[in-house]
């Protein structure tokens, strides 16, 4: 632990508080992302939460991931949400998704019909590294390995029909960054008749301020896409024929690149052959560099497969390519320069780093979901990415930001980059878990 922690509760007290958040949200099978706004199990939330558990509670990490893997579809799809039938007051609920229309969906659990970013191999590898001697860990990792292979195979088989080694997402919710300005132009181009929009009633604005959440027009399009998937029985080939949202996203592919490397490391440790995963990681990194790099902006940009154009929006998640070890040293320096500019304030300007969207961009908001607030998971990815390239001072600044936000404001979903005030769900699980990972690290 660092000796120069900011003033506030002692580190031991902060650790205890973070563990209390996770205990409060633990259901016995999985950890709720938040106590009111998010009652079900979310895919990448559970993987990030498991990173924290791997530091002190490996049994719970195994149970967390096992519950998610138990809901995996026959085709390898790892669902965004596993629904808890005890919590019905949520939109969209299981009945809205009609995921059971797919012959691949599980019959013993209700799930959504989309995915979230692939950080699961990273979580399993962290568990093996941090708790290899704990009872049941190696056996769990051996079983999880086949689940992870099936998951990654699904992505490369079903989401990369052109064989580019870049996978696409088909819904903003699949990005994990639902309300990012990166999706605005695509959503606005989707002309819908009233009859196209399924009936729904939002639950999120009952628990947090509507000023913090996506606007209704965006939600109409989110709901329309779900309807489109269900009408096509979640058949990927049929969906991509006319789905208006097909994006090769930087964060998703960068995390997949990292996850493929981590899957290769798992394979080596477990006595399996790693070469196929190493090759896919290398090819995906090459594809990100060849297709998604934008020299003018000094970072990578997502690609809209429908319009055939790059998404020219500066957002912090596009810098997660550093975590995936995608750029060479020259490009990494350019990315650091952009992160250090007033756009994101890693080292310049005032406030808390880093904003999730360009401070100078149209529609920047310090409080609205993914349109400016600081997210601990993005800071965590960037912290590790910068450290991999030797940028220790900048990585330490992000580490200090994570600790300071949790210590001074609490374990919120996201934070105002100017004031530090917490927004969204309070008692947010991945914030607590990643704080634990940071302060309990070696």
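In case you wondered, yes, glycine gets a Cβ from its N, Cα and C as well.
Swiss-Prot lists 38, 42, 43, 44, 45, 90, 116, 176, 213, 369, 370 with the feature substrate binding site. Annotation comment: Swiss-Prot describes 178 as active site, proton donor. Residues or ranges marked as active site, proton acceptor by Swiss-Prot on the basis of similarity to another entry: 413.
Annotated features, which come from Swiss-Prot, shown on the structure.
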residue: 38; record: substrate binding site; Cβ neighbours (10 Å): 23
residue: 43; record: substrate binding site; Cβ neighbours (10 Å): 26
residue: 45; record: substrate binding site; Cβ neighbours (10 Å): 28
residue: 116; record: substrate binding site; Cβ neighbours (10 Å): 24
residue: 178; record: active site, proton donor; Cβ neighbours (10 Å): 17
residue: 370; record: substrate binding site; Cβ neighbours (10 Å): 25
residue: 413; record: active site, proton acceptor; Cβ neighbours (10 Å): 24
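In terms of Cα spacing, the recorded positions 38, 43, 45, 370, 413 that come within 10 Å of the residue listed as 'active site, proton donor' are 370. Secondary structure at residue 413 (active site, proton acceptor), as computed by DSSP, is coil.
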